[in-house]
Every structure is written in structure tokens, then in C-alpha cells.
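Take a look at the structure set out below.
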């Protein structure tokens, strides 16, 4: 490889990574800040759709007698098609942004791609704020901002997975999901504060706050190191060594740095030998190489990554965060739907840190199965109570039934926040081999946003009073799709807890998803490729 001499490693599977330091923690925690973009946008859009001023400028309906957001009648609302368009168009932009980001990240690096995403995002926010009663410009702004979020959401996961230590990688990448929940909470707080303003500040303030996230993340990344695996993939061992020493907070000539770098390079050489890079199109086709029945094949990993992100969306969680305010307004009994939406968001935030512990204690696969099963139960209870309880669907007819629905909606959110929310992102960041990792993570993130977009398009028609008006019965749909998500995880998701990214490759070659939790590392890539002379000479001396 160009950029340096041959690096020798170790045969000791426990010595391929340096001890975790505080500096490494801080790097990953700051990178996780990118989740704010995802969460904040999810939060503010749902609230703005229920604001009296925003509804009035796009429908031109006269204000009701009491124009406060908590008291507007159900017929004073945006039509389903407008809600659908405004909500889903961001996901469409994010879908394409995530796909493009993988190529850019391989060309210029992980950090520059994320910074580029911050700039694109700001341009989109300007277009969202600039117009008043110009739907086309607002929608274009959502599309451009979505492309920026696509860059950030895909490459943040890639960057964090590549620099985080294996012992705490799950917890640190879960920090991304925690930042998503923080973003949703902050958005709900801002929306709650501006909901009753009858001027452009009602929606421009929530949108404008997003500029601060882009400035903080983009500026901070200028001071963080590039991913050492990016430089290794480029063949520049010298820069890979410097980057790895920085992220592990070790001297460049440390045995830990040399052993981990040797492991990265040995695994990369093996993967490139089995995935030759012929052309641009060929490198994309490499993501679909192999047999679907081979757990370590590229096509199987691509299926699992994109399928898992699809499954996460079909747990139904974003229905609550995108359309929760509108849904609570239709129940009639709730005096302030905005406040209930804020409470459900708070449940999301408080629950997520639990995942930092359980994802490393019990593993990714187990919590996906348990958490998904709890979500299925909660959603069916919401649907059954809302449908079968006497007068439950009559506004103000059965306050007790509505309280039960809200309680189980909160339990459903807590189950997601501790399991499917973080674990799906963690698994996607861990499972792809380095030659296709950026594209694999990009496609998986694009899958998340594609299905997010589909849900954003169809859901208003499920619950809007001028369309199907399913009300609580919509949770029969989400309970059923959540059951399918659990089934997918059982048959396709392997356990990656406590393994380096290179050891994940070994595990996938030697196990099946249902036996993966018992697998333990028994050799190193450096040993298999014969690059262990350094260790032998040290022992002899």
C-alpha cells in the first residue's frame, strides 16, 4: 500500500485496541450531536402543522372564535395533501442526500462530507424561512434541507462507528439516538412557546433555531481527526497512523496503535481481494455481490442494513412525533394537545439513556426482539381501548379511555427509545466491510428516510377527519407492522456486541443470526495474513 511500510500486528485478540480514554469519549459524544438535526426537524414540523397562523396563511380560512392552538376546532386544519407534502418532502431530499453522501465520504473524507451537509442544510432553512404563503418555495426549502440532513445522518453514523472503541461503541453510537430525542424535545419546547403567535414568528422562530445546530456541528468538526479507516482505505498508512493515534489518545508508535492499524489493513486487504474495485458502477454493484443465504455476503449485509432501517420506521414511532399533535386534537378530551405531545417527547428523552447500558449489557439483537415485542403489545392495547371502550371515539365521551391510550403510547415510546431507536443505528454502523461501508451505511440511511417519506405521505390520509379518519384504529396497522419488524430482526440480525468492526466480519462468516451471540474471537486478521513478525521479535528479545 502507498503511504508507508508494512505494519505488523498481534495474535492476541484482546490487544487489538487501546484502552478507552476520556478524549475518545468526548470526540464521539460531540459527533453524536448530529442527531439534533434529525430530531429537531421531526419535532418542529409536527407542531407547526397545528399552529393557527400557519394554518391560516396556507388555507386562508378565517380564524375561529378562540384562535389559541389548544382550542382550534378539528375542521380548522391543513388539508391532508398539504400535510403530506410538507412532511414527506424533507424525507425525499434526505433519501437522495444519504445516497450521494457515501460517494462523497469515500472521495473527500467523513468530516468534510458532514460539514458540507451543514452548509446545504442552512441553505434549505433560508428557503423555508423566506417565503410567506408561497408553498412551492417552502417545499423546495424542505427538499434542500433534507439533502443536508441526509449527508449528516448517514456519515455521522459511519464516522462514529469507525472511531468509537469496541467496548463502548454501542453506547456511544446510541448517543446519536439520544441527540435525536433531545432535538425533538427542544423543538417541542420552542413550538410550545410560539404556538399562539399570530405572526410569522410562530413558525420562523422554530425553523431559525436550526441554524445554531449547523454552526456548532460544522465548526466543531474542524477540530476533530478524520477517520483512520478512511485513510487506510485510501492507502495512506502515515495519515491513518496519525488519525488513529489521535482518536485512541496514544503515541504514534504505541503497540496499541500499530496492532489495531495492522488489523484494519489486514482485513481491508482481504475484503478488497474478494471485492475488486473495477469501476464506479462496479463498486456500487459490489454492494449486491454474493448469495442471500451467505450471512457474510455483501448483498446479505445490504439487505439487513436497508431492511432494518425500514423495520425501524414501521414500528410506527414517527407517526407519534410527526402527527401526534394532530392526532391528540382529534381525540377531543385533551385540553392541550401540544402539552401532551411535549410530555411524550420528554418520555422519549428520559428513556433513551437506559439504552447506553442495556445495549452493551444485553446486546443489540436481544433488545431489538424484546423492545419490539413490547411495542406490539402497547400499540394493540391503544387500538383496542380506543375502538372498543364505550364512547371512546366521541370527543369528550370517555376521558378514562383516552388516559389509558396516552399511557400506553408513552410506554410504546419508552420501549422504542431504549431498544429499536438506538440499536438499529448501531447495527447498521457495524455490519459493513470497509470497501463498501460508506455506501452500505448510506443506502441503509436512505432506506430509513425513504420509508419515513412513505409514512409521511400516507399517514395524514389515515387520520385526517376529511379522509379515512381512523383515529385510534390506526394503531392496529402500526402494531401489525411492528410485529413484522420483530420477525425480521429474529431471522436476520446478528449479535455484534463487544466486537471490533473487523471481528464482526469474522463472526458473520462463521455463524448465523441465531447462533451469533455465542461467538467469540479466536484469531486476528493480522495472524491469518502472516503479519505478526513484530510481536514474535519483541517476545524473543
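Including glycine, each Cβ sits where the backbone N, Cα and C put it.
Whatever TrEMBL says is automated annotation, not expert-curated.
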Exercise. Among 171-193, 240-262, indicate the range for which TrEMBL gives the feature transmembrane segment.
Key: 171-193
Quiz prompt | Matching range for TrEMBL feature annotation, transmembrane segment, among 266-284, 285-303, 475-493 | solution = 475-493
Self-check item: Per TrEMBL record, range annotated transmembrane segment [choices 59-76, 113-130]
Solution: 113-130
Practice problem: Mark yes when the transmembrane segment (171-193) and the transmembrane segment (338-359) have three or more Cβ pairs under 8 Å (sequence separation 6 or more) and no when they do not. | Solution: yes
Quiz item: So, do the transmembrane segment (84-101) and the transmembrane segment (136-159) meet, by the test of 3 or more Cβ pairs under 8 Å (sequence gap 6 or more)?
Solution: yes
Quiz item: Which listed stretch (20-40, 136-159, 205-224, 366-386, 406-428) has the most C-beta pairs under 8 A with the transmembrane segment (171-193)?
Solution: 20-40
Self-check item: Beyond the flanks of the transmembrane segment (113-130) by at least 6 residues, Cβ under 8 Å
Solution: 34, 37, 93, 97, 101, 104-105, 137-138, 140-152, 155-156, 159, 204, 207-208, 210-211, 214-215, 217-218, 221-222
Quiz prompt | Cβ-Cβ under 8 Å with the transmembrane segment (136-159): same-chain residues at least 6 beyond its ends | solution = 31-32, 34-35, 37-38, 41, 85-86, 89-102, 104-105, 110-111, 113-114, 116-130, 173, 176, 210, 214, 217, 227, 425, 428-429, 437-438, 441-442, 445-446, 448-449
